[in-house]
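Quick look at what TrEMBL annotates:
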- B:T232: active site, nucleophile (ACT_SITE)
- B:T187, B:K213, B:T232, B:E323, B:N459, B:S464: substrate binding site (BINDING)
Protein chains: 2
Amino acid sequence: MSHLFKRLSSTATVTIKSTPSKAHHHAPLPSSSFPAGYLLTGVHAGVKKKAGVLDLGIILSTSKLTSAAACFTRNAFKAAPVLVSDEILTKNGGRARAIVVNSGCANAVTGRQGMDDAWAMVRATDALLPPSAQENKNQHETLVMSTGVIGQNLPISKILPGITNTAPPTLAADFDAWERAAQAFMTTDTFPKLRARTFTLRGTQYRLAGMDKGAGMIHPDMGPASTTLHATLLGAILTDAPVSPRSLQNALTYAVERSFNSISVDGDMSTNDTVVVLANGAAAPPGTEEIDEAVDPEGYEVFKNELTAFAVDLAKLVVRDGEGATKFVTVTVKGAPSYKDAHSIASRISTSALVKTALYGEDANWGRILAATGSVPLSPIEKTTPTITPNKVSVSFIPGDGSQALPVLVAGEPENVDEVRAKQILEQEEFGVLVDLGMGTEEATYWTCDFSYEYVRINGDYRS
Amino acid sequence: MSHLFKRLSSTATVTIKSTPSKAHHHAPLPSSSFPAGYLLTGVHAGVKKKAGVLDLGIILSTSKLTSAAACFTRNAFKAAPVLVSDEILTKNGGRARAIVVNSGCANAVTGRQGMDDAWAMVRATDALLPPSAQENKNQHETLVMSTGVIGQNLPISKILPGITNTAPPTLAADFDAWERAAQAFMTTDTFPKLRARTFTLRGTQYRLAGMDKGAGMIHPDMGPASTTLHATLLGAILTDAPVSPRSLQNALTYAVERSFNSISVDGDMSTNDTVVVLANGAAAPPGTEEIDEAVDPEGYEVFKNELTAFAVDLAKLVVRDGEGATKFVTVTVKGAPSYKDAHSIASRISTSALVKTALYGEDANWGRILAATGSVPLSPIEKTTPTITPNKVSVSFIPGDGSQALPVLVAGEPENVDEVRAKQILEQEEFGVLVDLGMGTEEATYWTCDFSYEYVRINGDYRS
C-alpha cells in the first residue's frame, strides 16, 4: 500500500454561462408617485474616472422643518462621513434638510484629512439650502454618505465644485431626478435601486420614496493594493409625512433591524453602512401635528409599519443583485423565545455557505439548516440561558407559488420526503425555508440568495 | 436611455486545473514512536459500501486505570454517540479504556433507535476489554464516535459483528495498526491524519499520538436528499503519561480551544464534533502519582502545553486538507483585552469569505481584515463594554520564511505599501496575518486556508 497520497494534476474544461440579470430595475414612475417637497440630482463630479458615470448625489428638503434619523454601521471602524453625520444629527436633535452622497471613494481610514473633507461636503451642501428655520443658524443641516474604495482620500477638489456648480442647475423633482440620484449611489450594483410607496393616515395620503445600494454578492477584487470590502449598504428614504424626530428614529431603528439588518450580504458590515430617513411633512394639511408615539400611538404604529415594509422592499433589492445568484430565498424562524434569537438564527442559516450552496443545488438539505440553527447560542433570560430542544424543531420548505408547504423535519424526526415535490419547490426561483423552534412565539425573517452557479459548478460538479 | 437593464447571456470557457495535494500524509513511523499500552485497529465493517474501505476503528488501553476526557460539539443538535459518550464519561468520573468509531454514517437525528445503536456499539466494545479495575464492574468503559451522513440509522447489523468478530484478531500496536485506525475515521479527508510526539517530565519520556479527521473545505454535495454538512471534526489523542481525570479534562479543554476551535472550516460546527483523550500512565515508573494540577502545578503545566501543541498539529492538518486550497495562513490577534475577544476576532477574520478570497489572490488587502476585525463586539468587563480604538490598530503580513514583516496599517493609518514586497510574501504558500488592537495583552492564533482557485477564478477573473 502506497503511503504517499498525491492528487494527480488534472485539467478540466467547463463552460460557464452567465445568468441574465433578473431586471429588478423599475419601470419609469410618474412624478406624482414621489413625496412632495424634495429636490434631487445625480451628477458626474469626477470621483469615478469614467466620464458621464454619476458619482455625486444631492437630496434637499424644501420644507423648513424636516425631521431626520439615521442608522449607522456598528463596525468599530467608522468612516469619516459616518462620524460626521452622527455628530450633526445628535447636535441637531434629529433635524436635517439635506443629504449629500458620493460613490467611488468611501472616505474611510482617511484620518484627519478625511474628516475635513466630509465637513467640507456638508458645508457646501448647506449653502444650497434656503435660510434655516432653526434657532441656531450656524447648525449644519446636511448628512453625508460615501461609498467605494477605502484607505484613499476623496478627490475633494472635484467634489466641491460638483456640489456648488454642477449640481444646482440639475436639481428637480421628476422621475429622472430621482433616478439620477439613485445612480449616484451605485458602486458594484448592476441596477439603480429606487422605489416609491403610498399610505393613508386619517384620510391624508402620504408617500415614501427612496433609494439604496449594495449587492448581495460581489466579485472578489483581485487586483493589487485593492481595498474593497463587501459593497457598503447605503439607503436614503424620504417621506412627506410629518413625524417627530424621536419617533422617526425609533421607527427607523425598528425598520432597519427587520430589513437592512435581515439580508445576507457577502462579507462583514462595512465601515460605511448608513440608512437615513427625512420626514418633511409637506403633504400634511395645515395645522397637522407631527406624528409622535407618545401623543398618537396608533398613527405612529401605522407609520412605523409602512416604513418597515418600504425598507424591506428596498433591502430585498440588494439581495436580488448578485453575480450569478439564481434563487431568492426567504428564511423564517418562528417559535423562538425572543426576536433577537429568531433573528440570530435566521441570520446564521442565511449566511451559511453550505446552506446557500444547497439552495443553488435545489437540494432540500435540512441537515445544513439544522447545523446552522443549532450553532447559535440563545440569549439569557434573567439568570438562565434557554437551549433548543431538538425534538421540538421542525423544518419545512415553502413554495413560492402559494401551494402546499413541504415538511422535511417534524418535531426532530426526519420525514420521508417526496423527492419529486421537493424538486418542484426548489426549482422555483423563489421559495421559503421555515424553521420552527417550538419554544416561544417570536419570529424573524431574513432574505438571502444562493451561491453563484459558477461557485458551485466548479466546487462540486465535474460530471458534466 | 434604456430603462431596462438586462445582462447579456454569455458563455465563457475556463480551464480548471486541480492543485496537487500537499501530501501532508506522514511517512511511516517506527512503533516506538507511539505511546505504550494501546491496541488499535481499523477494519471494513460495511458501513461504507465500497469493499475494503475502512469504516470501523477501535482503540483499547491495556492499562486497568485509564483517565479519559472529551470535548463535544456545542451544537444544540447532538448526535447519539455524543450524548452517550458524554453520559458515560460523566458517570465514570473521567475513566474509560476504549474508543469505538465508525465513519460513513453520523448516527445523528436518529431518535430512539440511534441511541440504542450507540449503546450497542459501546457494549460490544466493552466486551473486548479485560475485566475492569473499577469498583462498579457494570460501568461502561467505551466512548463512541460516528461521522458521516446524518438522518440515517446505522447499519448496526454490520457494525456489531465488525466489533465482535472482524476487529479483535487485527488489534495491534504497530504503525500499520495506528494508520488503519486513522483511516477508519476518514470521510471527506484526502489523507489519514496521524501524528506522534514525545515529551519529558522529570526524567521520564512520555508519548502522545493521535488521529483526527475533517477537511478545511469540502465539496458542496449536490445530490438529492443529501444530508451532508461540513465534515465533522473528530480527534482521538492517546498518551502513556499518568494524568488525573480532572486535570486531563482541564488540559484538553484548554488545548481544544486553542487548536480544534481555532481552525477555519467550511460550515458550522456539526452535530458530531468530538475530541477524546486517554491517558493510561503505561510509561510511568512504578509508584508515580497521576499528574494533577492541585498537587503538581508545574508537571500539569508541562503536560497541558504539550497536549496543546500536539492538538494544534493535528488541527492544522484539517486546514491543510481542502479542495483547491493553496495557502495556509496563520492569523494572530494580539493586544486584546481578553483571550475570548482575541479569539473571536481571529475567528471572524479567518472565516470571512472575502478575506479568504484576498488571501488566494495574494492581495495584501487590509480593508477586508479591518472590516472583519471591527465587526466583532468585545466582551463586557464588569459593567462596561470596551470598544476598539481605530487609531490604535495595526495590521501586518508576516512572511513564512522568517524574513521581515510588512506593516500595512500602523496605528490606524494606511502605510505606503511596497507592492513588490507584498507580492513576495503573499506568493508564499504559508504566511501570517497579525492584527494588534493596542488595548491589552491577550492574544489568540487561528489557522485558515484560502478559498479554492476554482471559486475565485470563476467569480473574479475572466481575463485569462
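The backbone N, Cα and C atoms fix where each Cβ goes, glycine too.
TrEMBL does not curate its annotations; it predicts them automatically.
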Across all chains shown, how many C-beta atoms besides its own are within 10 angstroms of the C-beta of B:T232 (active site, nucleophile)?
-> 29
Rounded to a whole number of Å, the separation of the Cα atoms of B:K213 (substrate binding site) and B:T232 (active site, nucleophile) comes to 7
Check B:T187 (substrate binding site) against DSSP and tell me helix, strand or coil, would you?
-> coil
Could you tally the C-beta atoms, other than its own, that fall within 10 angstroms of the C-beta of B:T187 (substrate binding site)?
-> 21
Please report the DSSP secondary structure of the residue listed as 'active site, nucleophile', reduced to three states.
-> coil
Sorry to bug you, but what's the C-alpha spacing from B:T187 (substrate binding site) to B:T232 (active site, nucleophile), rounded to the closest Å?
-> 9
What is the number of other Cβ atoms found within 10 Å of the Cβ of B:K213 (substrate binding site)?
-> 28
